[in-house]
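Data first, discussion second: the structure below is written as structure tokens.
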Amino acid sequence: MNSQYNASNRTSSFRSNHEHVQTTLNERNWEWSYLVRKCRNLELEESYDLYMRRLRIGYLSIFIFIQMLVTCTHALVLLTSSDLTYAYVDMITYLVTAVLIWLILSVNFRNELISKHGWLVYASSWLAVSILVLMDIGLNVYHATSNNDILNPIYDAYTLYAIYMFMPIPHVLQPFILGTAVTICYIINYSFVISAKEANQMHSIFNEAIYLSCVNFLGIFFRLMRDIALRTTFLDRRQYVEENLLLRYARDQERSLLLSILPAQIADRLQEDVRNRIERSKQQHHQRPGINHGCSNNSQALRRWRQPDHGTLFIEPHKDVTILYADVVNYTHLTTTLDVKKLVEALHDLFVRFDIASEEYNVLRIKFLGDCYYCVAGLASPNEDHAKCCVDLGLRMIKDIRDVREKRNLNIDMRIGVHSGDVLSGVIGASKWQFDIWSKDVDIANRLEATGATGRVHVSQQTLRLLDGEYFYEDGTEKAREDPVLQKHDIRTFLIKSLRAPMHDPRRVQRERQAKKLSEASKSNFMYNSTLQQYNQVRNQAKLEMCRELDKMPIGRIQITKICRRSTNLTQDEIEEETFRRNISSFCLLFRIRNWEIQYIREPDVMLKYSIVLAWFVYICLLSIQLLSKDPKYHYWILDGVTISVLTAMLIISWYKKIWIMYFSDTEQLLPQYKLSRMLYKMSDFMQRSIGIRLTVYILVVVSCIVVTAMQVLDCGPKRDEELIQCFHPWILTNCVTLLIGTAFLFTRIPFVVKTTVAVLITVAYTVLVVYEFEHIFDGSPPTNVNLNAKYSHFLLIFITLGIFHLMERQTEFIAKVDYNNWQLEAATDAEAGRRLNYE
């Protein structure tokens, strides 16, 4: 029992350690600094910048479309709902500003110009934002000075969203600087134009500053989360490319290894036979789904798959080939006098030289038999010079063995026999395959070696006829003339003395050129490549493959630049992207394969801790705005205190695992030892992994923000209209609702349908408040244009915010799902490729 208990503890400890290592890797793999460093280490930063450039252009095209739509909508509202005497100035200003912004930003669509002058990206973005801010603030100042009308700016948050979400400025620092400058401009405008005559001016200024700071925080959060998600997608794609190359390389290695043992024809027939039996076995397994064979039966089945059928013979005849037999002279004496280690080292040195020489002369080595080395030319591939290749190889082997003899001071030499004729080749055996050749001509070659002379190549008359007089020769040995086997087959033999053909002989030059090509090709063989060279080759090839993969990576569901293009003009990469798009529904962005959608939403959310930081910060901003805008009652303090405590507890729990991994985890103490610490660690991990918990946290966050926002209107009862107007500040409520919508959309790893539903419900509830419950309060608030009903200004801001966040979240969700879709398809492809790799 104790041994079983200890074994169980060791197994449990191993599993927990393994899970901890995986958890640590997941935490670090989603860190922005780690992702940037990894991209740089893999030399992917340039490729990533190219992809981001393409992505930013896609987002910029969406912004230009949104800008035109917002401008036209705003102008149409002014045209139908206000006095044209005052509205035409605003309408003309809006339209001119939209055209100027379009003209300025269109420079970013000229790739060649931007690649040469990168500063144009920054200049065009700053100029476009400056024009937008000057238009919004300028109209406020113009109407305040000319007509003494105090108007509320409508494009403050819109401008900040444009900076962080749409402008093609890279990184985070530059958008933050631009966003800060825009925020300061609007606060100055609010201080000296809008709230200059208010009694609680400082409260209003602080409210505006908090609101705009929170909008900046939403924009920065969007930028960072998008960069993390895209870098992760980019590195995933790079990993797939590298794994695909490694798989391809492994196949080439396996094929090279197989072809170094078997001719291509035999290898192809064996692989095809194995594949057919695997398919038959799979069909039989599907016909008997209830049977579980167990591990031992599976391994037995695997062995059966790898064994040829007893009734199948993988034998092929080959006409007109040349066989070479080589034997080490004095080997038996060496086995009794030489140390075993030195003997084996000498044989290894010798046979390695022979293998290299056989590769050079295009001769297939069959096998070693002790000190005997035999091979055949013209079998693996047709070769008119097969006899010459074998004779050249024999002369080279004699030279190599004499080099080894001098190097190692050994009394050894070579006896070689060469004969041309016909053979049968193939694989025999069951548990272990054995490739060999058979025929009477093989026996004749063997007898030529046995009856030959030391240090000479002993050939038959059939081989000599194929040499075309390129060699000096003399009659064969007396022993060969007396050999009964050679006499039986009427074999006359000869001894090759040396090469007759001069070095410049065209036939000789051509054969040596062919041998050189084969030699260079053999250098790429797996046996001669170092691991470092293989790694560098795969890495360089992966960089080239990533250049092509950039065009296949998605940039979003909505691509304005492709709307006018005909489907017949699509490239192959765009056709593949359209195939991926068809796997995802257009409206709800759900996978059409239900299991994929379930697996996707069950993926752990490593970024949950950042979403809770966002929710906590937005809640604090909303609470600060409420405390500045009205005096809260006692029960509000209790409610706010409980909500802050709950959010802070969730914040601590969500960050506990990361803090532990960063500052406390080490090789000796992988998991927290104290009970409370371990419980917090497991709760943090469970929050990331459980979709149910994440949805609960999301709903709790949204409800908390709604409650603190609704504090403004909870005390507003049925009063007289003049009292009702002073109940709360409508623009503060509208600003808070925009923050609610942004938070609802930016929360990570929540289904897109849920986010959209929550945001729409918030908008509907707000609409009910504006239209039915507090219409007089909103009508009496400062409008955005002279004589325009302020209610329309509020609606315009809300719907602009809803549209922007909906579009951007749709783009982000689509990119994530296309990447997940790719992984699902590639996993299926890789599984099939791995199955073939394992069984071929």
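Any Cβ shown, glycine's included, is placed from N, Cα and C.
Bear in mind that TrEMBL entries carry predicted annotations, made automatically and left uncurated.
The shown structure was predicted, so the numbers you read here are calculated from the model rather than taken from an experiment.
Quick look at what TrEMBL annotates:
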- 322-449: domain 'Guanylate cyclase' (DOMAIN)
- 279-298: region 'Disordered' (REGION)
- 57-79: transmembrane segment (TRANSMEM)
- 85-107: transmembrane segment (TRANSMEM)
- 119-144: transmembrane segment (TRANSMEM)
- 176-193: transmembrane segment (TRANSMEM)
- 610-628: transmembrane segment (TRANSMEM)
- 634-656: transmembrane segment (TRANSMEM)
- 691-713: transmembrane segment (TRANSMEM)
- 728-747: transmembrane segment (TRANSMEM)
- 752-772: transmembrane segment (TRANSMEM)
- 792-808: transmembrane segment (TRANSMEM)
Please tell me whether the transmembrane segment (610-628) and the transmembrane segment (691-713) touch - that is, whether there are at least 3 C-beta pairs under 8 Å between them, with each pair 6 or more apart in sequence.
yes
Test the contact criterion for the transmembrane segment (57-79) and the transmembrane segment (176-193): 3 or more CB pairs under 8 Å, pairs 6 or more apart in sequence, then answer yes or no.
no
Six or more residues beyond either end and a Cβ under 8 Å away: which residues meet both conditions relative to the transmembrane segment (634-656)?
608-609, 612-613, 615-616, 619-620, 623, 680-681, 683-684, 687-688, 697, 700-701, 704, 707-708, 711
Can you tell me the mean pLDDT for the domain 'Guanylate cyclase' (322-449)?
87
If I count Cβ-Cβ pairs under 8 A between the transmembrane segment (752-772) and each of 85-107, 176-193, 792-808, which range comes out on top?
792-808
Same-chain Cβ contacts of the transmembrane segment (728-747) under 8 Å, 6 or more residues past its ends?
152, 157, 207, 211, 214-215, 218, 221-222, 225, 611, 614-615, 618, 621-622, 625, 629-630, 698, 701-702, 705-706, 709, 712-713, 716, 755, 758-759, 762-763, 766, 769, 774, 777-778, 780-782, 790, 794, 797-798, 801-802, 805-806, 808-809
Residues of the same chain, at least six outside the transmembrane segment (176-193), with any C-beta under 8 angstroms of its C-beta?
125-126, 129, 133, 137, 140-141, 144, 150, 153, 156, 159-160, 163-164, 167, 169, 201, 204-205, 208-209, 212-213, 216, 219-220
Summarise the domain 'Guanylate cyclase' (322-449) by DSSP state, stating how many residues are helix, strand and coil.
61 helix, 42 strand, 25 coil
